Structures are given as C-alpha cells and as structure tokens.
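Peer 1: Annotations for this protein, taken from TrEMBL, read as follows:
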| type | residues | note |
| --- | --- | --- |
| ACT_SITE | Lys223 | active site, proton donor |
| BINDING | Gly13, Val14, Gly15, Gly16, Val17, Gly18 | NADP(+) binding site |
| BINDING | Thr94, Lys118 | NADPH binding site |
| BINDING | Glu208 | L-homoserine binding site |
| DOMAIN | 13-137 | domain 'Aspartate/homoserine dehydrogenase NAD-binding' |
| DOMAIN | 151-365 | domain 'Homoserine dehydrogenase catalytic' |
Amino acid sequence: MEPGKYLQVAVVGVGGVGTQVVEQLIANPIYGFQLVALTSSKRMLQSTKDHCINPVAWKDALNASETAVDLSAVKSTLQELVKQGEKAVFIDNTSSQDVAEMYPALLSAGINVVTPNKKAFSGEVGLYQAIVQASRSGRYLHESTVGAGLPIISTLRDLVETGDKIVKIEGVFSGTMSYIFNNFSAVEGSDESFSSIVKGARAQGYTEPNPADDLNGADVARKLTILARIIPELKDEQGNFPLLHGYQSVETTSLIQDAPASAVSNGDEFMKWLPEQDAHFSQMREQAANEGSVLRYVGVVDVKNKIVKAELAKYPKTHPFATSLGGSDNIIMFHTERYGKRPLIVQGAGAGNDVTAMGVVSDILKLIRP
C-alpha cells in the first residue's frame, strides 16, 4: 500500500456517538481511511500486517474479541504508522479524563487527535497548555465539544484568525437547559411546574440519568471555557490562557445549590426532591412574564469586561433567545467588530448522537482533504 494514501484511524469508544462516527465514515466510500483499532469499554480490536479490520463487520469482530483494552498499544501502533510516513488519527469518543491526558503524548508523536470529549479543553490550564504546545507535531480538532455538529468553534477560529475582534459571545449552549426553559418559560406562557418539565425531559432522554448533572450548570461552564481559551484578548499580559482552573473558574449559577447530597448523587432521589423547588421557579417565571420576558439559561463570554459566566437570565419576548428556539436547540450569538450592528448567529440541534458524530467526522475530513 502506498504510504500516506489512507488516513489511519483508531476509534476509542464505540457507544452512541462512536458507533455513529464509524457508520458515517463507512457510509461514504470516497473517504480515504483505514481502521487500525477499535475499542469499547471492555475489549479491543486491532489490525495486523496479515489482517485488516473489515469496516462492514466491525461490530461482530469487536464483540468476539478477547483482547483487553490497552490504549498504550493503540498509541504504539499509530506511532509506528507515523514513522512509516502514514497520517494517523486517534478519535476519542469517551468522556474520560484519563484518555484526555494522553493527548499531549499522542500529538508529540505526530498523531492527530479528534474528539467530542470536553475534559482536555475545559479543565486545568496546564493540560490545555501542554496540548497546544504539542500540536506543533500533530493537529487537535474538537468542533463537537461545543454545540455537537454546529460550526461554533470553527466560526470562532475563523473570526479570530482573520483579524476580527470578539466583543461578546452569548448563547443557549445546553440542549437540556434549552428544552426545559423553552417549555417552562414559553413566549405564549405556561403553567406546568418546573419539576414536571424536568421529569418529561428525563423520560425523553434529554437529560443525564441524574438531571442534577445538567442543572448545576457545569456543562455550560465547560463549553464557555473552551471558547474563551480561543480568544487572544482574554490571555493575560504574559500570554497565559484564561480560566486557570477551567470550568471551575467560570462564574456559574447552579439551579440546584440547595439540593441535599443524597439528591445530587442519585437521580431518583433528585427527582423526589425537585418538586420542593417548584414554587421558587414559578415565582421567577411570573416575575419575568410581568416584565414581558422569558427565562433562559445562558452562557456569556464578555471579552471587553473579561467576564465568563453561566446564569439563568431574563430576555425580552422579542429576543431571538425567546422566539427562535425550539426543542433542544442551541443558539449562539457572536458580537464582534465586524458583526457589530447585527451579531453572527449559529443555531440548530446542539445534542444527539448523529449530529455530534457529524461534528467529529467533519473534523476527520479536515485531515483527509488536501
């Protein structure tokens, strides 16, 4: 085989998103790739000199494998291919901190990294700094860490790299929060209780198994951290990236700050506790309605004032955050020097295995296309 003709692909994590990534690659035969490794949480499949992974029968082959997961072996395989002149990519579809901490070593070895895993880009600044420094040898692409398949990170990078100045980014970044407040605080009004809407969202799979993990605001804070670190104006005088402790440095309004420990740690216990908060949320909804507004859980990166925050805020019923959203949509506004009078807006489905996988595959294509 001619070296460099195919992108050598290792897929780590083949759950909902990972399976969709593989299937989307297989579905279009023009993509020049070769599967060299696949891992689930328990087993692993690797190609050898004598045996390539059949992309059509990969599920059966992986299920039949008796090889335990060994990510260091996957790294070694890709590293050897790079030495032979091949282009290789490590696709991390997990949400694992341990896997995220492999990125600097992978990149330093010339292995590209594509991932929807937020951990590496929204945690302690040291890991992020190491990834950026190591990217001189390999590329890291993570479009789907914010907004699933929506072009949010690529839009921000294009604005920054073409010399535009970011003034503010604001938006509804959580599909879960979007669904909950689109229904709880609708423009046309609503009488349904907050806990009832959360219960419905959980039943439809819009929330984590424990909705407390959505309502604490941490997911939005992680996405804001990822965006803030791309904006040059938010670096300090020494050129250091902002938000030293990542998402934990973001001013975050938790909607469950009064929840007992037992509720925070158990989804069923949380749902039993949540109705105690209904009166509080109904009062906020009524107050917003009396002002001609709705409630939306938003994230804001205010570059001018160097403020990064996630909060429950009121918006007029005529605002796009009130009128344009449906279901679990995300909507993000970029206020810049060029887009001063009317912000650049990106909107669409911000959650789901298929659209998240699309974001991952679009990043992979950036490595395949010349």
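Every residue gets a Cβ built from N, Cα and C, even glycine.
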Peer 1: Just to be sure I understand: of Thr94, Lys118, Glu208, which binding-site residues have a C-alpha no more than 10 angstroms from the C-alpha of Val17 (NADP(+) binding site)?
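Peer 2: If one measures from the Cα of Val17 (NADP(+) binding site), the binding-site residues that come within 10 Å are Thr94.
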Peer 1: Starting from the NADP(+) site formed by Gly13, Val14, Gly15, Gly16, Val17, Gly18, give every other residue of that chain whose CB sits within 8 Å of the mean position of their CB atoms, in sequence order.
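Peer 2: What remains near the Cβ centre is Thr19, Gln20, Val21, Asn93, Thr94, Asn353.
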Peer 1: Are there any residues at least 6 positions away along the chain from Thr94 (NADPH binding site) with a Cβ closer than 8 Å to its Cβ? List them or say none.
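Peer 2: In sequence order, the residues whose Cβ lies under 8 Å from that of Thr94 (NADPH binding site) (at least 6 apart) are Val12, Gly13, Asn117.
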Peer 1: Including all protein chains displayed, how many Cβ atoms other than that of Gly15 (NADP(+) binding site) lie within 10 Å of its Cβ?
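Peer 2: Other Cβ atoms found within 10 Å: 13.
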Peer 1: Determine, to the nearest whole angstrom, how far the Cα atom of Val14 (NADP(+) binding site) is from the Cα atom of Lys118 (NADPH binding site).
Peer 2: 17
Peer 1: Going by Cα-Cα distance, pick out whichever of the recorded positions Lys118, Glu208, Lys223 is nearest to Gly18 (NADP(+) binding site).
Peer 2: Lys118
Peer 1: When neighbour density is defined as the number of other C-beta atoms within 10 angstroms of a residue's C-beta, which of the binding-site residues Gly13, Gly16 has the lowest density?
Peer 2: Gly16
Peer 1: Give me the DSSP three-state residue breakdown of the domain 'Aspartate/homoserine dehydrogenase NAD-binding' (13-137), ordered helix, strand, coil.
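Peer 2: Residue counts in helix, strand and coil order: 56 helix, 22 strand, 47 coil.
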Peer 1: Taking Cα atoms as reference points, rank the recorded positions Gly15, Gly16, Glu208, Lys223 by distance from Lys118 (NADPH binding site) and give the first.
Peer 2: Lys223
Peer 1: Identify, among the binding-site residues Lys118, Glu208, the residue whose Cβ has the fewest other Cβ atoms within 10 Å in this structure.
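Peer 2: With the binding-site residues Lys118, Glu208, fewest surrounding Cβ atoms within 10 Å: Glu208.
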